[in-house]
Amino acid sequence: MTDAFAVQGIPIADLAERFGTPLYIYDADVLADSYTELRRRLHPAVDIFYSAKANPNVSVCSVMRSLGAGLEVSSMAELATARWAGAAPDDVIFLGPGKSEGELRACLEGGIAAVVCESLEELAALDRLSGPGTRALLRVNPAFTTKGARLSMGGKPRQFGIDHELLLESASSLRALRNVRVTGIHAYMGTRILDEDGVVQNTAGILAAARELSATLGFPLETVDIGGGLGIAYFENEKDLDLDRLTEGVNAVVGEFAAEHPGCRVIMELGRYLAGRCGTYVVRARYVKQSKGEWFVVTDGGMNHHMAAVGVGSFVKRNFPIRSIDRSGELADRRYTITGPLCTPDDVLGRKVALPEVRPGDLIGVERSGAYGPTSSPVLFLSHGYPAEVLVSGGTAHLVRHRDTVEDLLGRQILVDRPSPAVQPVDQPAAHPVAQPVAQ
Ligand SMILES: *Cc1c(COP(=O)(O)O)cnc(C)c1O
């Protein structure tokens with residue numbers, strides 16, 4: 001367990017010392033519990049797939065796979081990650097609205113469980129590329145809107161999936177397929193759902209759509225992906241899902257469906273719910289200063305690694321859970337705004353956070369940061385690069401991703417020399433020898 005200052009008994013301060021900051025620490029026990037707590041309650045017809053997008057680190061994916069989760073991937077590198085993590089082809093699905101021909105070919109060569117097609121055009125392209133027997137799921141943009149999602153992805157004009165209404169009129173497109181077999185449907189309604197009844201209603205709606213489409217268009221229901229999008233509580237007024245209540249409702253509708261369609265694989269795909277709680281983003285305070293009566297802690301990491309905590313684009317800035325990692329005791333009588341090192345006023349991890357008195361060198365942790373951390377942040381902004389990632393598993397800390405170095409960042413670039421005839425280039429030695437790009 002992660003206590004205030006340690007992960008599985010290892011002091012976070014020691015990890016910060018050993019691996020440097022800023023640092024992401026993932027607790028494999030918390031990761032595993034998120035899966036098993038859901039797994040043991042969920043109807044056995046439902047297979048849980050982990051959405052690699054949330055945290056694509058291969059060791060995180062490997063923990064998920066070792067517990068029995070399938071992997072849902074959306075790019076060439078994520079597909080390769082699934083293979084590297086040891087996922088069997090039949091436990092991998094590939095989705096995304098803009099798959100390339102190369103990605104489709106890789107899916108075919110890999111023999112994965114299904115390509116989730118997001119347009120009739122893509123379905124036709126897959127058919128042209130594939131040999132007989134290729135399985136595809138149709139991603140449906142349902143005719144109903146989601147209840148409870150913070151970011152809705154269905155029921156409105158969207159680039160995702162095929163409108164339910166359009167699909168009902170697409171029998172001829174499906175009949176024209178020569179190689180691809182449509183074996184079911186997929187729907188994903190949105191993310192960060194914290195309303196149990198909303199999930200149950202979505203599931204019922206998706207299963208009803210699956211029945212209707214399969215009956216109208218005459219394809220079998222071998223697989224139905226009911227999406228997921230389960231949330232975790234981040235903010236003060238939010239509460240984690242009640243798993244008993246959630247699974248009771250979902251199991252009832254899935255149970256009814258499974259009785260009608262024995263052998264149909266029902267997939268629930270989850271990213272944030274599985275990975276979110278296991279991670280802590282650890283930064284070190286560099287300067288503690290005042291500006292016009294407000295206290296600022298300037299740390300070594302911020303939105304470049306943790307865009308989600310910064311919440312750019314949100315109407316109101318709300319704080320992720322933030323705490324001191326090496327200082328206990330009473331809260332200071334002042335509040336601190338925690339910022340990062342970037343030259344933008346957006347770089348604020350937390351506003352007016354209550355903490356024990358902060359001194360330079362202190363460690364501060366942003367909790368519940370295992371999902372949509374660096375992977376969905378502008379890690380190249382101001383050229384700081386990707387932070388280090390550590391997975392604590394079986395009481396041992398493993399570095400699972402190296403921190404980007406200056407060489408990593410510059411080595412991808414190419415200098416085009418363009419000497420001006422008027423101004424001779426000044427012969428200057430590099431100011432920082434370390435900044436020389438490595439030879440490719
Ligand atoms: C992003 C995404 C997921 C994962 O979403 P979470 O809210 O993290 O569970 C699953 N399926 C699809 C289609 C997605 O786009």
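Every residue, even glycine, has its Cβ placed from backbone N, Cα and C.
What TrEMBL says about a protein is an automatic prediction, not a curated fact.
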Range among 21-41, 210-230, 378-398, 420-440 that TrEMBL annotates as region 'Disordered': 420-440
Inter-residue Cα distance where the pair is CYS343 (active site, proton donor) and LYS53 (N6-(pyridoxal phosphate)lysine), in Å: 28
Sparsest-packed of the listed recorded positions (LYS53, CYS343) - C-beta count within 10 angstroms: CYS343
